[in-house]
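Feature list (source: TrEMBL):
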DOMAIN    424-539  domain 'Toprim'
BINDING   E430, D504  Mg(2+) 1 binding site
SITE      K455  site 'Interaction with DNA'
SITE      N458  site 'Interaction with DNA'
BINDING   D504, D506  Mg(2+) 2 binding site
Amino acid sequence: MSKKQSKNSQEYKASSIKVLRGLDAVRKRPGMYIGDTNDGTGLHHMVFEVLDNAIDESLAGYCSKINIIIHEDKSVSISDNGRGIPVDIHPEEGISAAEVIMTILHAGGKFDNNSYKESGGLHGVGISVVNALSEWVKLTVYRNNKIYYQQYNKGIPEKPIQVIGKSNKTGTIIHFKPNIDVFSITEFNYDILANRIRELSFLNSGVHIQIEEFSTEKKDIFKYKGGIKAFIKHLNKTKTPIHNDIIEINTKREKIKIIVALQWSDSYQQSIYCFTNNIPQRNGGSHLAGFRGGLTRTINNYIDNSDIAKKEKNSITGEDTREGLTAIINIKIPDPKFSSQTKDKLVSSEVRAPIESIINNKLNDYFLENPREAKIIIKKILDASHARNAARKAREITRRKGLFDISNLPGKLSDCQTKNPIESEIFLVEGDSAGGSAKQGRNRRTQAILPLKGKILNVEKARFEKILSSTEVGTLITALGCGIGKEEYNLDKLRYHKIVIMTDADVDGAHIRTLLLTFFYRYLPELIENGYLYIARPPLYKVKKGKQERYLKNDQELNDYLLQEGINNSYLFVSKKTPPISGIELEFLIKEYYKINNIFDKLSKNYNVNLLKAISNSKPIDDLTNHKNMNTWCTNLTENLNKNLTLEKTHKVIFNKNTNEVEYTLYIYGVKFDHTILNSVFFNSFDYQTIKKFSKKIENIITQESYVKNINKKIKVQYFSHVVEFLMNNARKGQSFQRYKGLGEMNPKQLWETTMDPEQRTLFKVKIEDSIVSDEVFSTLMGDAVEPRRNFIEDNALSVNNLDF
């Protein structure tokens, strides 16, 4: 550690913690501090707040490793190897500095410029807000060659911080469980956390960040040495860059450190992401304004000072310069000012002018030093300018012809009677057959229907003038009324405050839905941001029993329905002498069995399914080093696998005592067809432990005397799967099941009752939770690059539960 670091390390102590007070306000209005507590954004923000503190330690030069764990009980722990939160007594509060940070709003080292020069946690509410909104928080601090521990329950410390051991390590562990009384959703999404961690790893070159989820055994380690240049390369992996160099600007002006990387591709979309002290600003702010101003000025000056100006009649706008541009703007400043605690917009006005000046100077230098690349970039920008002018002319023609006038949609749009946008809904349906049923079944006063013929244009691969010339897109723009493009768009003119995409539950329906989502995301994102875009979810099944009809939304609802039908008046007997298992107890066992089947589906990528099922029906393994027991286990497993098999197939399971591994082989006509090794990694995995736990439970339930019966029948059962099979077969008797593929299969009354009636329907609101991930997904699925799309489909195929929706 350097002398400078040593000095700062000594300065980060109790007196460094500045206090501004008040925590009750957080519990009363959590949304003001942490974001939405109902949709999952606030929940994940809890992790980000703690993570930001660890990153601050990294920025200050004291932390090189951060570890995030999603535990099986839905709690999360974040640990770092920084200096550890100060634990000495605070001079003003008379309690430990750690307790001050955990229990008092606006208390933290970020208010003391000597402790953190560059910090994302300006408001200092991070850990205290997490504490206030958690069921419990366990704080462990490694500092002063000691281990300190303190637990908080709903923000209140159980007892003062205490020493629980000795250690020469330094660092902090924050382990918390969100309060179910505050958050509607308390299950963390691994991918949301991993994507944010990937960002942080790019922005903090060299820092080692690991995330793992115990229940799924997912694990990722992020450590990038390329910084934001590597970030740009990652973002452009689904695009085709038009120049090889990633332009990087890394400089400092007074107290502002400015790091920018940019590259143009052949895409028609711009992807610009802003960060201040590693915190993302999805709404931009003063740094984005400075970047845009500097970029436009540089391009125009370069054109004016070259021969291009003599040939070029079109003027260049900021939009032209940013077509196909991917850029990262990452600034680091002391005391940044944000519009709110969610830090979505930077309002520090002092950063705009320096950024604009630096972008102008550095980018101009790059163009002068790299004339070939400059020529390619300028050509791209001029093409964008020509396209913009072509789009303007196309718009003028359509305006003169009145093509965007609502009166020019006879026979296409079946409008609603009310003119109040707040009451009005428009359903975008697939073709005339679904449109016909929807028109007849709707509430004419508030619901409009717009049938779309065929697939709309893929806007990811088209310039604006081509989009305007598309008939289906033009029809949609006209119906909505709000216009499109910078010059025409006006949200106040939107005619419907609910825009509902209602397509079939098949491949074509999914494609049309994706094309529509791409259009709204790329050209009308404000409709998504304001919560106006929805996806309808029609039922997948109709169940008919006698004269009664019932609609089920998805496979899960169908399974739940069949389960209830199956256990009704059904009983499982361990033996004749024991009372039967029925009702809720039997339902719970079957649901556990379904969970085990889901594990089989997941593991089937690497293991034979028959082997897995046989293992679940075998005695659980506790000790691989007990060779005698393992040999017996393998012999029994082989016998079970070979029961009721035809002669051409043979299973063989042996125990290798030299490696303590189980070896499984499948032979077909004597030829080795499949070979799998089960080692300690498998037997110690969470999945096997779950299987083992269920097997132990079933071991005492399924015996040689076990049988299952209902009103009509009684059968002996050898495995629990026989119980489930018997109950599910009986559940289907006397009922018919219809699986819907298209909305046109429903009559108007059915469509109204299941999909359009506000009292009965299910609508999903479309949200942009992570702009970087959203941009990447649309570029991958709808762009020109085939290889990334193939990889995306292959990687996600196994995680798809319902291919119909």
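Glycine is no exception: its Cβ is also placed from the backbone N, Cα and C atoms.
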Task = Do me a favour and check the Cα-Cα span between D506 (Mg(2+) 2 binding site) and N458 (site 'Interaction with DNA'); whole Å is fine.
result = 19
Message = Quick check on the binding-site residues D504, D506: which one has the highest count of other Cβ atoms within 10 Å of its Cβ?
response = D504
Ask   = What is the number of residues in the domain 'Toprim' (424-539) that are helix, strand and coil, as DSSP sees it?
value = 55 helix, 21 strand, 40 coil
Key: Per-region confidence, the domain 'Toprim' (424-539) (mean pLDDT, whole number)   = 87
Other CB atoms, at most 10 A from the CB of N458 (site 'Interaction with DNA') = 16
